[in-house]
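> Just lifted these from Swiss-Prot, have a look:
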type	residues	note
DOMAIN	72-125	domain 'bHLH'
DOMAIN	143-215	domain 'PAS 1'
DOMAIN	326-396	domain 'PAS 2'
DOMAIN	401-444	domain 'PAC'
MOD_RES	T21	phosphothreonine
MOTIF	36-41	motif 'Nuclear localization signal'
MOTIF	361-369	motif 'Nuclear export signal 2'
Amino acid sequence: MADQRMDISSTISDFMSPGPTDLLSSSLGTSGVDCNRKRKGSATDYQESMDTDKDDPHGRLEYAEHQGRIKNAREAHSQIEKRRRDKMNSFIDELASLVPTCNAMSRKLDKLTVLRMAVQHMKTLRGATNPYTEANYKPTFLSDDELKHLILRAADGFLFVVGCDRGKILFVSESVFKILNYSQNDLIGQSLFDYLHPKDIAKVKEQLSSSDTAPRERLIDAKTGLPVKTDITPGPSRLCSGARRSFFCRMKCNRPSVKVEDKDFASTCSKKKADRKSFCTIHSTGYLKSWPPTKMGLDEDNEPDNEGCNLSCLVAIGRLHSHVVPQPVNGEIRVKSMEYVSRHAIDGKFVFVDQRATAILAYLPQELLGTSCYEYFHQDDIGHLAECHRQVLQTREKITTNCYKFKIKDGSFITLRSRWFSFMNPWTKEVEYIVSTNTVVLANVLEGGDPTFPQLTASPHSMDSMLPSGEGGPKRTHPTVPGIPGGTRAGAGKIGRMIAEEIMEIHRIRGSSPSSCGSSPLNITSTPPPDASSPGGKKILNGGTPDIPSTGLLPGQAQETPGYPYSDSSSILGENPHIGIDMIDNDQGSSSPSNDEAAMAVIMSLLEADAGLGGPVDFSDLPWPL
């Protein structure tokens with residue numbers, strides 16, 4: 001029985017144990033499955049392999065390392081961002097500590113507000129490349145009063161402080177009495193504009209404008225948009241280049257008045273002349289400065305919107321300006337001649353004057369504007385200058401005048417030499433204005449007979465040939481008009497207007513466009529004169545608009561003497577000394593009101609005939625031939 005059981009167990013064990021052939025087949029089958037799995041390489045197999053690796057201890061370790069690397073990369077990026085934010089916040093805090101407006105705030109400001117305040121503070125400091133405080137001006141061993149007296153003594157003027165908002169005189173030194181003859185108490189608290197010349201008020205208001213000084217540092221909350229009240233301690237005031245001021249103005253002088261009788265014409269003119277001279281030219285130089293209202297001791301309760309605003313004032317020194325008279329140069333030293341530029345209308349009136357004219361002529365630019373240059377020419381030089389005036393209106397070339405005398409403010413004459421050229425509008429082809437560069441001619445140059453400065457001698461073609469002289473004879477004495485210095489004549493300003501009307505009339509009579517007159521827009525010598533049968537030709541032959549020759553010399557002037565064309569018949573009034581503006585207006589038939597009405601009636605008749613509302617048109621009333 002026992003043997004039987006042993007045989008059965010050995011048979012079962014033999015059956016259960018694989019043979020060599022079975023082992024080979026099983027190993028091949030397993031390797032084939034693995035090869036097929038590697039050969040497919042699909043995402044599903046990779047995921048299954050990863051899932052299989054998770055079950056395997058070695059696979060789980062690799063998966064954990066992979067997840068750890070991803071987590072470490074994320075933590076490193078967040079750390080970098082955190083360090084960047086911390087660094088930016090530290091810079092913002094440091095910037096806020098450097099800006100005074102941010103440092104004075106009680107609460108912490110957001111980044112945008114800090115950056116905006118920093119930009120505003122840098123704009124405030126712009127232009128002050130070398131800022132310095134008031135303390136750097138004064139040495140330590142000098143007091144304020146001593147320094148003030150030294151400055152006034154060196155400047156030979158007076159110190160004044162004027163508010164920029166209303167022009168109120170806040171302070172003036174006692175030395176103002178030496179210049180304006182006003183005491184210190186008379187001016188303090190008064191308006192500066194009450195003591196200025198009416199033509200200079202606008203200029204001084206422009207100089208008192210504080211738009212280009214340091215801007216007001218008014219803070220605005222970024223969240224609410226409302227102004228923020230700050231407790232900023234005012235630091236020492238700074239001066240920047242944009243706050244500098246230097247200008248000329250005329251101020252009243254408290255001179256003792258002279259009692260005159262109004263009935264006397266000469267006394268009345270003398271009074272007007274004295275009134276003109278009651279103003280003196282003051283050269284003011286200084287700075288615009290700002291002070292807090294509390295420091296100035298001003299009451300600001302009436303202005304609720306005045307918080308954070310500073311009071312802007314002009315602190316300047318006024319000095320009496322005296323015009324420069326050219327002195328003869330001794331020796332061979334050559335210096336640059338003094339000159340100024342002026343611009344004139346076609347009739348000779350000043351429309352622009354360079355500021356350098358004040359130092360030469362003693363006139364302020366606003367005194368010359370609107371006046372005719374002929375009012376300042378010497379009567380012996382008007383004939384030559386009138387001829388140059390015609391030439392500059394007829395040609396595009398530069399015209400250089402001879403030496404002539406120009407009346408300055410004190411009544412004396414200064415010798416000038418000018419270069420004129422006309423500016424033509426490129427669209428309308430008309431002369432708009434004349435530019436004149438005026439150079440001072442020194443006395444030693446005239447005495448030495450410099451050939452580059454020809455001088456015009458007295459000739460019959462002077463003031464007498466340009467203005468009516470009456471019927472008493474060809475020559476008469478010049479009347480002396482009270483208030484007008486000798487050497488000039490009353491009514492000389494109309495000469496420029498007459499010359500301009502003459503050139504315009506000739507151009508209108510010719511009826512040609514400016515571009516068809518050759519090289520000159522108003523050339524009257526390049527084309528033949530009109531027919532004498534026409535109204536324009538009769539007018540020219542009668543002496544109303546004489547022909548101007550292209551060549552000629554001044555009477556009594558040699559051939560080699562440099563000069564400009566001039567002829568007896570070229571004068572406006574050479575043949576008819578009694579002609580005037582009213583005579584020219586009466587002779588211009590085409591521009592009278594009656595002719596204008598006739599022309600308008602003909603035009604209306606043409607319109608009615610064209611529309612079928614009237615009969616035939618009668619052209620007999622036309623003021624010009626058809």
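For all residues, glycine too, the Cβ spot is worked out from N, Cα and C.
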> So which residues does the motif 'Nuclear export signal 2' (361-369) touch in its own chain, when a touch means Cβ under 8 Å and the partner is 6 or more beyond its ends?
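Residues 199-200, 203, 248, 250, 281, 322-323, 340, 342, 350-355, 406, 408-410, 414 contact the motif 'Nuclear export signal 2' (361-369) from elsewhere in the chain.
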> Average pLDDT across the motif 'Nuclear localization signal' (36-41)?
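In the predicted model, the motif 'Nuclear localization signal' (36-41) has a mean pLDDT of 48.
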> Give the residue counts of the domain 'PAS 1' (143-215) per reduced DSSP state, in the order helix, strand, coil.
36 helix, 14 strand, 23 coil
> Quick one: DSSP breakdown of the motif 'Nuclear export signal 2' (361-369) into helix, strand and coil?
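When I sort the residues of the motif 'Nuclear export signal 2' (361-369) into the three classes, I find 5 helix, 0 strand, 4 coil.
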> Using DSSP, what is the helix/strand/coil residue split across the domain 'PAC' (401-444)?
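The counts are 2 helix, 27 strand, 15 coil.
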